[in-house]
Amino acid sequence: MQFTFEQIFIAMLLTLFAGFSTAIGSIIAFFSRKDDLRVLSLGLGFSAGVMIYISFMEILPTALKDFKNHYDSHWAELLGLACFFGGILISLLIDKLIPEDVNPHEPKEDLSELKICPLPQKGQNPPKFHPGEKLHQINTKALKRTGIFTALAIAIHNFPEGFATFISSLDNLTLGIAIAIAVAIHNIPEGLAVSLPIYHATGDKKKAFIYSALSGFAEPLGAFVGALILLPFIGDLTLAISFAVIAGIMVFISLDELLPAAKTYDKAHDSLYGLIAGMAIMALSLNLLGQ
């Protein structure tokens with residue numbers, strides 16, 4: 001199966017768009033507090049709805065159809081399901097390899113509400129504060145290190161997402177655009193997770209922004225590696241395997257990352273409303289476009 005330069009270029013652009021949305025999260029970190037981020041609950045729920053719907057209603061069925069071009073129905077379904085759960089396993093292993101204290105998807109105290117204060121050096125008096133004041137003495141070097149390791153953790157997570165966006169965009173531009181938007185929404189709070197500790201530790205907006213943007217660079221890198229490895233061999237069977245694995249990765253991301261993160265910013269049932277809206281809009285758009 002051959003792809004034109006235009007197809008590859010557009011797929012890479014969509015992956016770049018999805019990856020560098022971490023920079024948007026970085027900018028939000030400079031101006032917003034947690035209480036101002038209720039819209040993230042809707043957005044993350046919406047992103048999860050898009051990913052779950054596409055995975056089960058479009059990508060996995062497409063993979064099974066392609067498998068059936070090479071195997072009988074029984075073996076095609078078994079192979080498709082094996083690749084689907086293989087995608088989940090890959091995501092799970094990546095998640096387990098990252099320590100909890102730097103994993104951006106593990107719950108931790110919201111840094112935006114902390115009053116940052118360096119630990120006193122030897123011979124210095126501790127800082128004074130009034131009873132009841134919420135003051136956290138935080139070693140700014142440790143805080144900065146947390147932000148950097150979080151950036152590395154997010155980069156590892158984003159690598160397979162970049163591959164998923166790129167391959168989907170090559171085969172079906174409509175699906176690729178939907179996935180790119182969903183991944184971009186998902187990356188915004190990840191940019192926050194990187195930017196907040198670095199910004200609070202250093203007071204340097206530029207440095208916090210750069211680290212957030214670089215953490216998203218893994219997505220186009222994942223697309224580039226996928227292109228180098230798979231493009232020479234892409235056919236129905238390769239796409240079938242890729243799509244089934246991608247469906248598993250996207251379902252894991254939705255259930256393990258997006259929905260829990262959406263609940264963090266939730267008020268009432270915002271995350272649920274976003275989830276339903278994402279599914280409904282995706283279903284309607286695919287139907288109208290004849291997918």
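Cβ coordinates are placed from backbone N, Cα and C, and glycine is handled just like the others.
Positions annotated as Fe(2+) binding site by Swiss-Prot, on the basis of sequence analysis: Asn158, Glu161, Asn187, Glu190, Glu219. Within the same chain, the residues at least 6 positions away from Asn158 (Fe(2+) binding site) whose Cβ sits under 8 Å from its Cβ are Gly19, Asn187, Glu190, Ser215, Gly216, Ala218, Glu219, Gly222, listed in sequence order.
Neighbour count (other Cβ atoms within 10 Å of the Cβ, all protein chains): 27 for Glu190 (Fe(2+) binding site). The Zn(2+) binding site annotation in Swiss-Prot covers Glu161, His186, Glu190, and the record cites sequence analysis as its basis.
Marked as transmembrane segment by Swiss-Prot on the basis of sequence analysis: 8-28 (among others).
Per Swiss-Prot, transmembrane segment is recorded for 39-59 (among others).
Residues of the same chain lying 6 or more positions beyond the ends of the transmembrane segment (74-94) and with a Cβ under 8 Å from any Cβ of it are 60, 63-64, 67-68, 156-157, 160, 240-241, 244-253, 256. What Swiss-Prot records for 74-94 (among others) is transmembrane segment, and it gives sequence analysis as the kind of evidence.
Look at Swiss-Prot and you will find 147-167 (among others) tagged as transmembrane segment, backed by sequence analysis.
For 174-194 (among others), the entry in Swiss-Prot reads transmembrane segment.
Residues annotated as transmembrane segment in Swiss-Prot: 209-229 (among others).
Sequence-distant neighbours of the transmembrane segment (233-253) (same chain, 6+ residues past either end, Cβ-Cβ under 8 Å): 1, 3, 51-52, 54-56, 59-60, 62-67, 69-70, 79-92, 160-161, 163-164, 167-168, 170-171, 179, 186. Positions annotated as transmembrane segment by Swiss-Prot, on the basis of sequence analysis: 233-253 (among others).
The transmembrane segment annotation in Swiss-Prot covers 271-291 (among others) and rests on sequence analysis.
A contact links the transmembrane segment (271-291) to the transmembrane segment (39-59), because at least 3 Cβ pairs that are 6 or more residues apart lie under 8 A. Same-chain residues at least 6 positions away in sequence with a Cβ under 8 Å from that of His186 (Zn(2+) binding site) are, in sequence order, Leu44, Ser47, Glu161, Ile253, Glu257, Leu258. Against the transmembrane segment (8-28), the recorded stretches 39-59, 174-194, 209-229 differ in Cβ pairs under 8 Å, and the greatest number is found for 174-194. Distant neighbours of the transmembrane segment (174-194): 10-11, 14-15, 17-19, 21-26, 28-29, 40, 43-44, 46-48, 50-51, 54, 58-59, 104, 147, 150-151, 154, 157-158, 161, 164-166, 168, 208, 211-213, 215-216, 219, 250, 253, 257-258, 261, 278, 282, 285-286, 289, 291; these residues of the same chain sit at least 6 beyond its ends, with a Cβ under 8 Å from one of its Cβ atoms. For the binding-site residues shown (Glu161, Glu219), fewest C-beta neighbours within 10 angstroms: Glu161.
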